[in-house]
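Here is what Swiss-Prot says about this protein:
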BINDING   Gly11, Ile12, Asp13, Gly14, Ala15, Gly16, Lys17, Ser18  ATP binding site
Amino acid sequence: MQRGKFITFEGIDGAGKSTHLAWLASFLRDKGLEVIVTREPGSTALGEQLRQLLLDHRQAMHAETETLLMFAARREHLDKVILPALERGAWVISDRFTDASFAYQGGGRGVPSARLEILEQWVQKGFSPDLTVYFDVPVTISRQRVQSARTADRFELEPDLFFERVRQAYLQRAKQFSERIRVVDGSLSLEEVRTAMVEVVEKFWSAQASSGYRM
């Protein structure tokens, strides 16, 4: 049995990840693949409890506490969902993964990258996504989308400056890991974003096929 592939979607709140993630899942299922859709934090019983705690706007917490809870949820996510699915040949698509910690806890909260790297190695033991699609949108557009969509959570209540730091951290990660992270302009129309994402996914798909991966 061939190991499956792990794809992550990243972006600040309001970037449109969820909409495009659903499309990609359908695209891959149409090709006969088993596809597991997950999210962070969450996707396990404990992870969903931690998600509620982390997003609760009534619950203030230290940046390091937030970081440790994120990585605790991630360890459960890996152990209970991601790794078992990949081992049986399924493809896993996650709404956020570790790049989000470097962006939100690192860029946004100011947690040093060195500490995040230690946690990343401890929790993931060298594991990383096969492909990451980062949907980049200006903070002004992000805020407009979030405010019109739902009641704000603890992160969404942060000021614009916080999200600008998060966005810049994401862009820096995209430069640092350009082979894995593909940037899509999320400020374009839905159709234009979809077209750009399809191009990214199809290139990845073709690369897997040419390397001998049996679809």
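The backbone N, Cα and C atoms fix where each Cβ goes, and this holds for glycine too.
Scoring each of the binding-site residues (Gly11, Gly14, Gly16) by how many neighbouring Cβ atoms lie within 10 Å, the top position goes to Gly11. On its own chain, Lys17 (ATP binding site) has Phe9, Glu10, Gly11, Asp95, Arg96, Phe135 as residues at least 6 apart in sequence with a Cβ closer than 8 Å to its own Cβ. Counting every protein chain shown, the number of other Cβ atoms lying within 10 Å of the Cβ of Ile12 (ATP binding site) is 30.
Minimal Cβ crowding within 10 Å, among the binding-site residues Asp13, Ser18, is found at Ser18.
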